[in-house]
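Straight from TrEMBL, the features:
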type	residues	note
REGION	A:1-20	region 'Disordered'
COMPBIAS	A:1-15	compositional bias 'Basic and acidic residues'
COILED	A:67-101	coiled coil
DOMAIN	A:139-407	domain 'Aminoacyl-transfer RNA synthetases class-II family profile'
BINDING	A:Arg261, A:Arg262, A:Glu263, A:Val277, A:His278, A:Trp279, A:Phe280, A:Glu348, A:Ile349, A:Thr350, A:Ser351	ATP binding site
SITE	A:Thr382	site 'Important for serine binding'
Amino acid sequence: MIDPKLLRTDPDRVRRSQKARGESVALVDEALAADEARRSSISAFETARAEQKSLGARIAKASGDEKAALLARTKELSGRVKALQAEADEADAAYTEVVKQFGNIVFEDVPAGGEDDLYVIDEVGSPRDFAAEGIEVKDHLDLGEGIGAIDMERGAKVSGSRFYFLTGPGALLEFALIQFALTKALAWGLTPMIPPALVNPEAMDGTGFLGQAADDVYYLERDNQYLVGTAEVPLAAYHSGEILDASELPIRLAGFSPAYRREAGSYGKDTRGIFRVHWFDKFEMFTYCRPEDAVAEHQRLLEQEKEFITALGIPFQVLDVASGDLGASAARKYDCYGWVPSQGRYREITSTSNCTQFQARRLGIRMRDGKTIEHVATLNGTLCAMSRMILMILENYQQADGSVVVPEVLRPYLGGQEVFEAR
RNA sequence: GGAGGUGUCGCCUAGUCGGCCUAUGGCGCCCGCCUGCUAAGCGGGUUUGGGACACAAAUCCCAUCGCGGGUUCGAAUCCCGCCACCUCCGCCA
């Protein structure tokens, strides 16, 4: 949720943000009108309620005829108070509904455009020249099946399309990545977390995933619960409704969980292999911090992502995601795109968002700093999405005979193994 | 899944056959007084949200006793639903 005060004090700022997102600017006037209506109906209710209370106090002390007279008078008032209260509740709900439609206020210096506008702000490493090495590039699925790491057919048999089994070397790779990510997370001072992957509606809605992204979320109707698409959801909701002591901040977490995504609307897109799947495991970083520290914290998360990908030896680019392609919660987002040799282009492997106070307002996460209380800022960033990273490793470390070299940093977690041989 | 119990302003707690509850007391915390210093003692303050006053401070108003409804002129208190926790039974990694 955006700051209701900002709407009143600087509606133009909100209009600019809506425009940058490519969303309705008229919504601002709608919200202002709803706010006005809300305040006047609340004030009408409060006046009537005050009168009712003072009458009530007199009734308590009165008796006999006086009491009877007062009772008669207050009966009528009681009905009015109820009606006014219903009106006020309704106006308040209507206002909230409008305000919740706004995405986070986009930072002014976020580049304009949509998902096709790629602003590359950094580049690390460079793709191998496979031709020069005399290698005919295979894609991750051919390689994965070749070394016995991925079984898509049985994934489909057991669970349907976009499901897979990681087998033997594939499973070992994931475990090694988990260990390596955990080692990094601890070195950076993050607290490791294993959160529930099933959450209630408040958690899902509070993190902003039931808005424009609702179709992409699995919902269990019988239990009124949602399968999370990222550990960001339970990690954000972890402190919901709490007032944290400012001295505890920043709180830096690294949560490991499965990620479930319906991938609605992506039929026929990236259908081969494990690039786009309904489930994968992921290590996700999450920070609660003071609002004024959020921009620096965002850089920190990005640096950690870059360090991780660099250590694994995957060539990648860093993108400053265009304003029209931001998620509802993000004021700014950086994506890291890793090189996919079989596609001859860079594809997303990590993403980090600065949600400023947007999520914290919805989830009621505040901090007490001396006498003042205000909402914290929240940020999230991918540490390691297993399926994508395995894909990157398979393709970038392939050899002419279909074997795959193990990235050096992972060898300690694989008993020193250096190569996965093709079978 | 079945039976019973519990849920009060940071923590503990009083209050439940409706109205002096504007929610008691203790601990903790904050401010002040006193005092060679500290402690003790004394006095005051201390839920959160919204709103009024052009900002701030002060003050005032409304809401807030797990959440949501209902009964009533009036609900922490009575009724209904939900949630969480505890105990026992059943089932089960």
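Every residue, even glycine, has its Cβ placed from backbone N, Cα and C.
As the structure is a computational prediction, the values presented were derived from the model and not from experiment.
Sequence features annotated in TrEMBL and their locations in the structure.
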residue  : record                              : DSSP class
A:Arg261 : ATP binding site                    : coil
A:His278 : ATP binding site                    : coil
A:Ile349 : ATP binding site                    : strand
A:Thr382 : site 'Important for serine binding' : strand
Open item on the list: In whole Å, how far does the CA atom of A:Thr382 (site 'Important for serine binding') lie from that of A:His278 (ATP binding site)?
Closed with: 17
- [ ] Could you tally the C-beta atoms, other than its own, that fall within 10 angstroms of the C-beta of A:His278 (ATP binding site)?
- [x] 18
TODO: Give me the non-local Cβ neighbours of A:Ser351 (ATP binding site): same chain, 6+ apart in sequence, Cβ-Cβ under 8 Å, ordered along the sequence.
DONE: A:Val321, A:Lys333, A:Tyr334, A:Asp335, A:Cys336, A:Gly381, A:Thr382
Open item on the list: Out of A:Arg261, A:Glu263, A:Thr382, which of these recorded positions shows the lowest number of other CB atoms within 10 Å of its CB?
Closed with: A:Glu263
Task: Maximum Cα-Cα separation (Å), residues A:Arg261, A:Arg262, A:Glu263, A:Val277, A:His278, A:Trp279, A:Phe280, A:Glu348, A:Ile349, A:Thr350, A:Ser351 listed as binding ATP - done: 19
TODO: Take every residue in the coiled coil (A:67-101), average their pLDDT values, and give the whole-number result.
DONE: 82
- [ ] Write out the long-range same-chain contacts of A:Phe280 (ATP binding site), meaning residues 6 or more apart in sequence whose Cβ is under 8 Å from its Cβ.
- [x] A:Pro258, A:Ala259, A:Ile274, A:Ala385, A:Met386, A:Ser387, A:Arg388
Open item on the list: Using DSSP, what is the helix/strand/coil residue split across the region 'Disordered' (A:1-20)?
Closed with: 16 helix, 0 strand, 4 coil
- [ ] For A:Ile349 (ATP binding site), just count the other CB atoms lying within 10 A of its CB, please.
- [x] 24
